[in-house]
(Lines of atoms letter the chains of each structure in order from A and count residues from 1; the text may use other names and numbers.)
(Lines give C-alpha, C1' and ligand atoms only; values in the text may rest on other atoms or scores of the structure.)
Protein backbone atom coordinates (compact mmCIF):
# COMPACT_ATOMS: atom_id res chain seq x y z
CA UNK A 1 0.00 0.00 0.00
CA UNK A 2 2.85 2.40 0.82
CA UNK A 3 4.38 1.92 -2.66
CA UNK A 4 1.03 2.61 -4.30
CA UNK A 5 0.50 5.83 -2.35
CA UNK A 6 3.99 7.08 -3.22
CA UNK A 7 3.38 6.46 -6.95
CA UNK A 8 0.06 8.35 -7.01
CA UNK A 9 0.18 11.75 -8.75
CA UNK A 10 -1.00 15.03 -7.22
CA UNK A 11 -4.64 15.56 -6.21
CA UNK A 12 -7.09 16.06 -9.07
CA UNK A 13 -10.78 16.97 -9.06
CA UNK A 14 -13.54 14.57 -10.00
CA UNK A 15 -14.28 14.39 -13.73
CA UNK A 16 -18.04 14.62 -13.10
CA UNK A 17 -17.64 18.09 -11.53
CA UNK A 18 -18.97 17.24 -8.05
CA UNK A 19 -16.11 19.14 -6.35
CA UNK A 20 -14.36 16.21 -4.63
CA UNK A 21 -10.94 14.76 -5.47
CA UNK A 22 -10.83 12.05 -8.11
CA UNK A 23 -8.52 9.10 -8.73
CA UNK A 24 -7.10 7.91 -12.07
CA UNK A 25 -7.89 4.30 -11.08
CA UNK A 26 -11.57 5.20 -10.93
CA UNK A 27 -11.50 6.90 -14.36
CA UNK A 28 -10.81 10.31 -12.78
CA UNK A 29 -13.95 10.12 -10.61
CA UNK A 30 -14.40 10.23 -6.84
CA UNK A 31 -15.54 7.16 -4.90
CA UNK A 32 -19.21 8.19 -4.75
CA UNK A 33 -19.48 8.98 -8.45
CA UNK A 34 -17.61 5.79 -9.32
CA UNK A 35 -20.07 3.68 -7.31
CA UNK A 36 -22.98 5.36 -9.05
CA UNK A 37 -21.31 4.69 -12.40
CA UNK A 38 -20.91 0.99 -11.56
CA UNK A 39 -24.53 0.75 -10.44
CA UNK A 40 -25.70 2.30 -13.69
CA UNK A 41 -23.65 -0.20 -15.69
CA UNK A 42 -25.05 -3.10 -13.66
CA UNK A 43 -28.61 -1.87 -14.13
CA UNK A 44 -28.11 -1.51 -17.87
CA UNK A 45 -26.65 -5.05 -18.01
CA UNK A 46 -29.63 -6.47 -16.19
CA UNK A 47 -32.06 -4.81 -18.59
CA UNK A 48 -30.29 -6.34 -21.63
CA UNK A 49 -31.32 -9.85 -22.80
CA UNK A 50 -27.80 -11.14 -22.36
CA UNK A 51 -27.99 -10.36 -18.66
CA UNK A 52 -31.06 -12.55 -18.17
CA UNK A 53 -29.17 -15.66 -19.21
CA UNK A 54 -26.36 -15.04 -16.73
CA UNK A 55 -28.63 -14.19 -13.76
CA UNK A 56 -27.01 -16.76 -11.50
CA UNK A 57 -23.55 -15.13 -11.79
CA UNK A 58 -24.75 -11.57 -10.96
CA UNK A 59 -24.26 -11.74 -7.14
CA UNK A 60 -20.60 -12.70 -7.56
CA UNK A 61 -20.00 -9.84 -9.99
CA UNK A 62 -21.74 -7.41 -7.62
CA UNK A 63 -19.54 -8.48 -4.70
CA UNK A 64 -16.40 -8.18 -6.83
CA UNK A 65 -17.35 -4.67 -7.97
CA UNK A 66 -18.07 -3.63 -4.36
CA UNK A 67 -14.65 -4.96 -3.26
CA UNK A 68 -12.98 -3.01 -6.06
CA UNK A 69 -14.81 0.15 -5.02
CA UNK A 70 -13.71 -0.33 -1.39
CA UNK A 71 -10.10 -0.80 -2.50
CA UNK A 72 -10.23 2.41 -4.52
CA UNK A 73 -11.70 4.22 -1.52
CA UNK A 74 -8.81 3.05 0.67
CA UNK A 75 -6.31 4.21 -1.95
CA UNK A 76 -7.97 7.63 -2.13
CA UNK A 77 -7.95 7.97 1.66
CA UNK A 78 -4.26 7.02 1.80
CA UNK A 79 -3.40 9.61 -0.86
CA UNK A 80 -5.40 12.27 0.95
CA UNK A 81 -3.70 11.39 4.26
CA UNK A 82 -0.22 11.65 2.69
CA UNK A 83 -1.03 15.06 1.20
CA UNK A 84 -2.43 16.29 4.53
CA UNK A 85 0.71 15.11 6.36
CA UNK A 86 2.89 16.94 3.85
CA UNK A 87 0.86 20.12 4.29
CA UNK A 88 1.13 19.83 8.07
CA UNK A 89 4.89 19.30 7.95
CA UNK A 90 5.44 22.55 6.02
CA UNK A 91 4.47 25.05 8.81
CA UNK A 92 6.33 22.96 11.43
CA UNK A 93 9.62 23.71 9.69
CA UNK A 94 8.83 27.43 9.72
CA UNK A 95 8.17 27.58 13.48
CA UNK A 96 11.79 28.22 14.60
CA UNK A 97 12.00 31.29 12.34
CA UNK A 98 8.88 32.82 13.88
CA UNK A 99 10.15 32.07 17.36
CA UNK A 100 13.43 33.82 16.58
CA UNK A 101 11.57 36.87 15.28
CA UNK A 102 9.42 37.08 18.43
CA UNK A 103 12.48 36.74 20.67
CA UNK A 104 14.25 39.55 18.78
CA UNK A 105 11.22 41.84 19.12
CA UNK A 106 10.88 41.10 22.86
CA UNK A 107 14.58 41.82 23.47
CA UNK A 108 14.28 45.16 21.62
CA UNK A 109 11.24 46.15 23.70
CA UNK A 110 13.13 45.34 26.92
CA UNK A 111 16.05 47.53 25.83
CA UNK A 112 13.71 50.42 25.03
CA UNK A 113 11.74 50.24 28.30
CA UNK A 114 14.78 49.81 30.60
CA UNK A 115 16.08 53.47 30.41
CA UNK A 116 12.55 54.81 31.00
CA UNK A 117 12.30 53.01 34.33
CA UNK A 118 15.68 54.37 35.43
CA UNK A 119 14.61 57.96 34.71
CA UNK A 120 11.25 57.62 36.47
CA UNK A 121 12.75 56.48 39.80
CA UNK A 122 14.14 59.89 41.01
CA UNK A 123 10.94 61.65 39.87
CA UNK A 124 8.85 59.51 42.22
CA UNK A 125 11.19 59.97 45.21
CA UNK A 126 11.44 63.79 44.98
CA UNK A 127 7.86 64.85 45.87
CA UNK A 128 7.70 62.48 48.88
CA UNK A 129 8.95 65.05 51.52
CA UNK A 130 6.63 67.78 50.19
CA UNK A 131 3.63 65.48 50.52
CA UNK A 132 4.45 64.63 54.14
CA UNK A 133 4.67 68.29 55.24
CA UNK A 134 1.02 69.30 54.67
CA UNK A 135 -0.16 66.10 56.36
CA UNK A 136 1.80 66.98 59.52
CA UNK A 137 0.46 70.56 59.46
CA UNK A 138 -3.12 69.29 59.13
CA UNK A 139 -2.62 66.97 62.11
CA UNK A 140 -1.34 69.92 64.19
CA UNK A 141 -4.40 71.98 63.26
CA UNK A 142 -6.80 69.19 64.19
CA UNK A 143 -5.09 68.42 67.51
CA UNK A 144 -6.34 71.47 69.56
CA UNK A 145 -9.98 70.76 68.68
CA UNK A 146 -11.68 69.17 71.70
CA UNK A 147 -15.18 67.71 71.90
CA UNK A 148 -17.68 70.15 73.32
CA UNK A 149 -19.30 69.10 76.61
CA UNK A 150 -23.00 68.33 76.45
CA UNK A 151 -25.35 70.80 78.06
CA UNK A 152 -27.36 69.29 80.90
CA UNK A 153 -28.47 72.43 82.80
CA UNK A 154 -31.18 75.00 82.10
CA UNK A 155 -29.81 78.22 80.64
CA UNK A 156 -32.03 80.36 82.89
CA UNK A 157 -32.27 78.65 86.29
CA UNK A 158 -29.17 76.42 85.96
CA UNK A 159 -31.19 73.40 86.99
CA UNK A 160 -29.94 69.96 86.01
CA UNK A 161 -32.13 68.71 83.20
CA UNK A 162 -30.38 65.60 81.81
CA UNK A 163 -32.31 63.89 79.04
CA UNK A 164 -35.58 65.74 79.77
CA UNK A 165 -34.30 69.12 78.58
CA UNK A 166 -35.72 71.07 75.63
CA UNK A 167 -33.49 72.48 72.88
CA UNK A 168 -34.51 75.88 71.60
CA UNK A 169 -33.77 77.30 68.15
CA UNK A 170 -31.58 79.93 69.75
CA UNK A 171 -29.13 77.13 70.63
CA UNK A 172 -29.68 76.85 74.41
CA UNK A 173 -31.15 74.15 76.66
CA UNK A 174 -34.08 74.87 78.96
CA UNK A 175 -36.20 73.11 81.54
CA UNK A 176 -39.94 72.58 81.38
CA UNK A 177 -40.70 76.05 82.82
CA UNK A 178 -38.34 78.12 80.67
CA UNK A 179 -38.72 76.23 77.38
CA UNK A 180 -41.13 78.78 75.87
CA UNK A 181 -39.75 81.77 73.98
CA UNK A 182 -41.53 84.35 76.16
CA UNK A 183 -40.10 82.81 79.35
CA UNK A 184 -36.44 83.13 78.41
CA UNK A 185 -36.67 86.10 76.02
CA UNK A 186 -35.65 84.06 72.95
CA UNK A 187 -33.72 86.20 70.41
CA UNK A 188 -34.63 83.93 67.50
CA UNK A 189 -36.79 85.66 64.85
CA UNK A 190 -39.65 83.27 64.17
CA UNK A 191 -41.51 85.78 61.98
CA UNK A 192 -38.66 86.12 59.51
CA UNK A 193 -38.33 82.34 59.29
CA UNK A 194 -42.07 81.92 58.68
CA UNK A 195 -42.08 84.62 55.99
CA UNK A 196 -39.13 82.99 54.21
CA UNK A 197 -40.85 79.61 54.37
CA UNK A 198 -44.06 81.06 52.90
CA UNK A 199 -42.14 82.72 50.06
CA UNK A 200 -40.38 79.47 49.28
CA UNK A 201 -43.55 77.37 49.26
CA UNK A 202 -45.68 79.96 47.40
CA UNK A 203 -43.57 81.56 44.66
CA UNK A 204 -45.02 84.52 42.79
CA UNK A 205 -46.01 83.61 39.25
CA UNK A 206 -45.79 86.54 36.82
CA UNK A 207 -46.71 86.20 33.17
CA UNK A 208 -44.30 87.41 30.52
CA UNK A 209 -44.95 90.80 29.03
CA UNK A 210 -46.38 90.93 25.54
CA UNK A 211 -43.88 92.36 23.11
CA UNK A 212 -45.32 94.75 20.60
CA UNK A 213 -44.51 94.19 16.96
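Glycine is no exception: its Cβ is also placed from the backbone N, Cα and C atoms.
The annotation zinc finger is assigned in Swiss-Prot to 8-42, 148-194. Residues or ranges marked as Zn(2+) 1 binding site by Swiss-Prot: 14, 18, 30, 33. Positions annotated as region 'Disordered' by Swiss-Prot: 39-149. Look at Swiss-Prot and you will find 40-66 tagged as compositional bias 'Polar residues'. Swiss-Prot lists 48, 58 with the feature phosphoserine, giving similarity to another entry as the kind of evidence. Sequence annotations record features per position, and here Swiss-Prot assigns compositional bias 'Low complexity' to 120-138. Residues annotated as compositional bias 'Basic and acidic residues' in Swiss-Prot: 139-148. Residues or ranges marked as Zn(2+) 2 binding site by Swiss-Prot on the basis of sequence analysis: 154, 157, 175, 178. Summarising the annotation, Swiss-Prot assigns Zn(2+) 3 binding site to 168, 170, 184, 186. Look at Swiss-Prot and you will find 209 tagged as N6-acetyllysine.
Taking the mean position of the Cβ atoms of 154, 157, 175, 178 as the Zn(2+) 2 site, the remaining residues of that chain whose Cβ falls within 8 Å of it are 155, 156, 158, 159, 161, 174, 176, 177, 179, 184. In space, 154 is the closest of the recorded positions 30, 154, 209 to residue 186 (Zn(2+) 3 binding site), judged by Cα positions. Counting Cβ atoms from all protein chains shown, residue 209 (N6-acetyllysine) has 6 others lying within 10 Å of its own Cβ. Neighbouring residues of the recorded Zn(2+) 3 site, listed in sequence order and excluding 168, 170, 184, 186, comprise 155, 169, 172, 174, 181, 185, 187, 188 (Cβ within 8 Å of the Cβ centroid). For residue 18 (Zn(2+) 1 binding site), the nearest neighbour among the listed recorded positions (154, 175, 178, 184, 209), judged by C-alpha distance, is 209. Nearest by CA distance to residue 154 (Zn(2+) 2 binding site), out of the binding-site residues 14, 30, 170, 184, is 184. Within 10 Å (C-alpha to C-alpha) of residue 178 (Zn(2+) 2 binding site) lie the following binding-site residues from 14, 170, 184: 184. Under DSSP, residues within the zinc finger (8-42) fall into helix, strand and coil as 15 helix, 6 strand, 14 coil. Excluding 14, 18, 30, 33, which define the Zn(2+) 1 site, the same chain contributes 13, 15, 16, 17, 19, 20, 22, 29, 31, 32, 34 within 8 Å (Cβ to the Cβ centroid), listed in sequence order. For residue 168 (Zn(2+) 3 binding site), the count of additional Cβ atoms within 10 Å of its Cβ stands at 18 [all protein chains shown]. Across the zinc finger (148-194), the DSSP tally of helix, strand and coil residues reads 8 helix, 6 strand, 33 coil.
Put simply, 184 is the one of the binding-site residues 14, 30, 168, 170, 184 whose Cα lies nearest to the Cα of residue 157 (Zn(2+) 2 binding site). Counting every protein chain shown, the Cβ of residue 33 (Zn(2+) 1 binding site) has 19 other Cβ atoms within 10 Å.
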